[in-house]
Structure formats: C-alpha cells, structure tokens
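To start, the structure under review is shown below, and the notes come after it.
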Amino acid sequence: PTYFFKKGPQWDNGKRRKNSWLLNISSVLRFERLLVPDKRRREGRRQKLSSEKVMAVGVNAMPVTFAAHVLAVIAAIMVLVWNISYRGGLAWEAENKSLIFNLHPVLMLIGLIILGGEAIMSYKSLPLEKPVKKLIHLILHAISLSLGIWGICAAFKNHNESGIPNLYSLHSWIGIGVISLYAFQWLYSFILFFYPGGSANLTSGLLPWHALLGLFIYVLAVGNAALGFLERLTFLESGKLDKYGAEAFLVNFTAIVTILFGALVVLTVSAKSPSPSSTPIDDEASYSYSAI
C-alpha cells in the first residue's frame with residue numbers, strides 16, 4: 001500500500017524532515033510476514049475442502065440417511081420377530097438357556113450395528129452445529145458400545161451355563177476384535193476430541209485416522225454380523241430346521257437388510273453434508289469422512 005511510503009516524522013531535535021523510507025519498507029515486510037502465513041493457511045484449507053468435495057459422492061447425505069433409517073427399523077423388527085416369535089423370547093435368567101442366547105443377536109444388531117450406524121450418520125447428516133453433533137455422536141456410540149458388550153456377555157453366559165465351549169469360531173474371534181477396537185476407539189476419541197481434548201494441531205492431524213478406523217470397525221462389524229447370522233442358521237438347520245422354511249428365509253433376509261443398512265451408512269458418510277456449520281476454514285468440515 002502506498003500509505004506506507006509517506007514521509008516519516010520530524011526528529012525530536014528539530015532538524016529537517018527526513019524521508020524514513022527504510023523504516024516504511026521494514027513495516028511493509030513485517031506486515032507481509034503476518035499476512036502470508038494466514039493466506040497460506042486459508043488457501044490450504046480451501047484446496048483441502050475442494051479436494052474433499054471432489055472425493056465426496058455427488059449425492060446429498062440427507063435422503064440417503066432417510067433410506068438407512070427405514071432399513072434400520074425393518075432390521076430391528078425382523079430380528080425381534082425372529083427371536084421372540086420363532087425362538088421363544090428373550091431372558092437373562094431362564095431354564096431354557098436358548099432364551100439367554102437370543103439376547104445376543106438382538107443386542108448386537110440393534111446396538112452395535114444400528115445405533116453404531118446412526119452415530120456415524122448423525123455426525124455427517126444432521127443439520128446441527130458441530131458441538132451438538134459431536135455430543136450426539138459420542139452418546140450414540142457409548143450406548144452402542146454398551147449394548148454390544150451386553151450382547152457378548154449374553155453369548156458367554158449361554159455358553160457357560162450350557163456347557164458349550166467359548167471362542168471356537170471365526171465369528172467369535174472377529175467379534176472380540178471388533179468390540180475391543182470399538183472400545184479403544186471410543187475411549188481415545190473421548191479423551192482427544194471431547195474431554196480434556198487435544199491441541200488443534202493434534203486433533204486436526206488425527207481426525208482422518210479417527211474416521212478411517214471408525215469406518216473400518218463398522219464395516220468389520222457388519223460383515224461379522226452377516227457371518228453370525230450364517231453360523232446361527234447353520235446350527236439351527238443341523239437341528240432339523242427346515243432349510244426352506246419361513247424362519248430360514250427370515251434370518252437370511254435379516255442379514256441382507258443388515259448389509260444394505262451398512263452400505264447406506266458408508267454411502268452417507270461419503271456424500272455431501274447439508275450441515276450449515278461446515279465452512280472452508282473448518283478443519284472438521286462436512287467432508288471429513290470422504291477426505292480419507
């Protein structure tokens with residue numbers, strides 16, 4: 001700017017006015033040094049957002065989320081009908097130990113898969129401010145994790161009281177891995193992103209890894225749920241269950257709906273967000289999932 005090159009003030013001793021152009025140039029350089037980093041940061045964030053938009057699927061997250069909600073309700077109803085109408089009901093203490101095991105698919109599907117998926121979609125698709133979405137995201141994942149742990153305990157309780165060995169199948173191995181990773185993800189995320197919270201540079205650097213690990217755990221959980229449906233149905237069919245009966249079809253269709261729900265969850269986090277809180281200078285922008 002030209003106003004930086006005006007003549008400088010008079011000397012205190014009353015001597016002639018002097019053009020302090022060296023001082024003015026120094027001021028300009030200092031001013032530019034203050035502006036350049038800020039400009040670079042803003043430009044970098046704009047480029048980051050632009051690249052994230054390119055990587056995002058060209059659909060709005062909201063209608064995809066609505067379809068996922070519908071599938072979530074259908075899957076919850078189907079698993080409840082299966083275990084209550086066909087398998088005899090749910091119980092934590094019962095003479096019929098199968099009623100204890102029936103808690104396992106219900107809690108794992110409604111808790112770990114459905115509520116876990118809703119927690120992921122809530123942070124991406126809800127048109128709310130970031131602190132509100134973060135709190136909803138945190139609470140839903142906490143409920144999901146709690147129900148998942150309860151569901152695993154129900155399986156162990158059934159096996160122990162029925163004299164069935166534990167952890168002998170691939171489904172059980174993957175299940176323990178999923179719930180362990182889920183607990184680790186929630187605990188470190190609570191400390192890093194919620195309380196007491198990490199530095200801005202640390203959270204910004206770990207955010208893509210947080211999203212990547214979360215999606216990996218969720219996809220693994222959905223795949224293991226499908227494996228669990230297969231294992232349970234195979235066990236029932238070995239006990240004379242009609243392979244083409246209503247219950248067999250119900251279990252298979254429940255697994256298919258579960259997989260479709262998981263696919264819509266991944267599609268939601270890859271789509272554009274309608275959130276008004278996302279700005280070009282927001283490190284936790286609406287495209288944070290698709291950025292990975």
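Even glycines carry a Cβ here, placed using N, Cα and C.
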Matching range for TrEMBL feature annotation, region 'Disordered', among 7-28, 29-50, 271-292: 271-292
Cβ-Cβ under 8 Å with the transmembrane segment (249-269): same-chain residues at least 6 beyond its ends: 57, 59, 61, 64-65, 67-68, 71-72, 74-75, 78-79, 81-82, 86, 109, 113-114, 117, 120-121, 124-125, 211, 215, 218-219, 222, 225-226, 229-230, 232-233, 289-290
Distant-in-sequence neighbours of the transmembrane segment (135-152), which means Cβ under 8 A and at least six residues beyond its ends: 103-108, 110-112, 115-116, 118-120, 122-123, 126, 128, 175-176, 179, 182-183, 186, 189-190, 194
